[in-house]
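> Pulled the feature table from Swiss-Prot, pasting it below:
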- 15-125: domain 'MTTase N-terminal' (DOMAIN)
- CYS24, CYS60, CYS89: [4Fe-4S] cluster 1 binding site (BINDING)
- 142-380: domain 'Radical SAM core' (DOMAIN)
- CYS156, CYS160, CYS163: [4Fe-4S] cluster 2 binding site (BINDING)
- 382-450: domain 'TRAM' (DOMAIN)
Amino acid sequence: MKSIDYVNPVKNQVPKVGFVSLGCPKALVDSERILTQLRVEGYDIVPSYDAADVVVVNTCGFIDSAVTESLDAIGEAMNANGKVIVTGCLGKRPEQIREAYPQVLAVSGPQDYQSVMEAVHAALPPRHDPFVDLVPDYGIKLTPRHYAYLKISEGCNHRCSFCIIPSMRGDLVSRPVDEVLCEAERLVRGGVKELLVVSQDTSAYGVDLKYAERPWRDRMYQTRMKALCEGLSELGVWTRLHYVYPYPHVDDVLPLMAEGKLLPYLDIPFQHASPRILKLMKRPGAVEKTLQRVQRWKAMCPEITVRSTFIVGFPGETDAEFESLLDFLDQAQLDRVGAFAYSPVHGASANALPDPVPEEVKQERLARFMAKQAEISALRLEAKIGSVQQCLVDLIEDDIAVARSRADAPEIDGLVHIQNGGELGLKVGDLVDVEITDSDEHDLFGDALPANVVPQQGRALNLQMV
């Protein structure tokens, strides 16, 4: 009997879009929203330039290296495909993009979803796809199924001298609290076990809406950080706060952390420890109060993890001011720290500051800073040996499960290597208690306690992107 290869005529006609997503988690959420709308309208998302009828590049433009990466990605897409639509933060500088690549089809700024869709429609009209109902109600995700970024606002009201985010993303615009909670609920129904709350300034959430009340689950919630956290705690999953500005009312969420309703984790960028440098940065400069608050947070919630970021080599930074930054690390005993050497950002007011620090000095200071924090991190992780940590499995590698504890955000913090993960048959998305047996400067090592595994349910939606 002769076999017949069935060809779906509708599928062959489906317009195909390639997608490149660059930048921070907030840009990743923008990409997820565009991809979801593309699928709802019947476009197929393909993992290569060759298979695509048109390519969308979501760019980053925060620092010079990100601009270079974005321009390189646009060039790669132009060379491989030729039909390219550009969006994202670098899209706020269309002249820079068109000077390099005058043949791009369209350029739009961040979170301008309508302009992206209009450009796609112009280049590639949508066609009916009977399978679009298969798009899950939580949309298309670019993260693994067990965690998701939850963006609560756009833009920022601050004018830090080293930052150009407001010029690219505008002033703060908060999403209504019920809209955010409904999205979180959909994500949890889809299998998400960790919600990572992101914005440019999470602490200021709702100030532009005058903290308006909105209904969700038969009660009223203010559009405010604490009320949002109270609502998210009702969903029974990990909730992690990122990009928290050091306002006094941050203390309001500490009781939720102490009660186990919110992950005991604060991501607060302090940026420096010199009052003069902080003033030049246009950041809060009460360093002694900052140290007091860190100690108060630890007293209120002993399990809290405090992550922060810093800039070394800011214009005018003296040797003494850098030493004060190292002293701050010693006193604050932060758990997780990131740092980078200052570099001028196109359009930032800090570019006009006098007394730039020589590049070799910046790099030497950065190395000393990271070495100091590595010592602190190693001691703080060593203190966890013998404890039991709840962990979320991210990856299975040979016989080892690679997970994160409640103290570790994806991609930026440490890992927990579960030595008996393969033996126990752990899977990505499982929640498991792990007895810690060893540590190094960044990671923990241990064995899972088999009686305390919460398995991941359902099946993941696998979507491979360019």
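Using N, Cα and C of the backbone, Cβ positions are placed for all residues, glycine too.
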> I'd like the per-state residue tally for the domain 'MTTase N-terminal' (15-125) from DSSP, helix first, then strand, then coil.
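Helix (H, G, I), strand (E, B), coil: 55 helix, 22 strand, 34 coil.
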> CB neighbours of CYS24 ([4Fe-4S] cluster 1 binding site) within 10 A?
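A count of 18.
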> With every protein chain in view, what's the tally of Cβ atoms within 10 Å of the Cβ of CYS163 ([4Fe-4S] cluster 2 binding site), excluding that atom itself?
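Within a 10 Å radius of the Cβ of CYS163 ([4Fe-4S] cluster 2 binding site) lie 23 other Cβ atoms.
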> Given CYS60 ([4Fe-4S] cluster 1 binding site) and CYS156 ([4Fe-4S] cluster 2 binding site), what distance in Å do their CA atoms have, once rounded to a whole number?
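So the alpha carbons of CYS60 ([4Fe-4S] cluster 1 binding site) and CYS156 ([4Fe-4S] cluster 2 binding site) sit roughly 16 Å from each other.
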> Report the residues of the chain - excluding CYS24, CYS60, CYS89 - with C-beta within 8 Å of the mean position of the site's C-beta atoms, for the recorded [4Fe-4S] cluster 1 site, in sequence order.
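Surrounding the site, in chain order, are LEU22, GLY23, LYS26, ALA27, THR59, GLY61, PHE62, ALA66, GLY88, LEU90, PRO110, MET168.
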> Give me the count of other Cβ atoms within 10 A of the Cβ belonging to CYS156 ([4Fe-4S] cluster 2 binding site).
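For CYS156 ([4Fe-4S] cluster 2 binding site), the count of other Cβ atoms within 10 Å is 22.
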> If you count CB neighbours within 10 Å, which one among the binding-site residues CYS89, CYS160 has the smallest count?
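Checked CYS89, CYS160; of these binding-site residues, fewest Cβ neighbours within 10 Å: CYS160.
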> Does DSSP give CYS156 ([4Fe-4S] cluster 2 binding site) helix, strand or coil?
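For CYS156 ([4Fe-4S] cluster 2 binding site) - judged by DSSP and reduced to three states - the answer is coil.
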> For the [4Fe-4S] cluster 2 site (CYS156, CYS160, CYS163), what does the 8 A shell look like? I mean other same-chain residues with CB within 8 A of the CB centroid.
HIS158, ARG159, PHE162, ILE164, ILE165, PRO166, GLN200
> What number of additional C-beta atoms lies within 10 angstroms of the C-beta atom of CYS60 ([4Fe-4S] cluster 1 binding site)?
21
> May I ask for the distance between CYS156 ([4Fe-4S] cluster 2 binding site) and CYS89 ([4Fe-4S] cluster 1 binding site), taken between their Cα atoms and rounded to an integer number of Å?
14
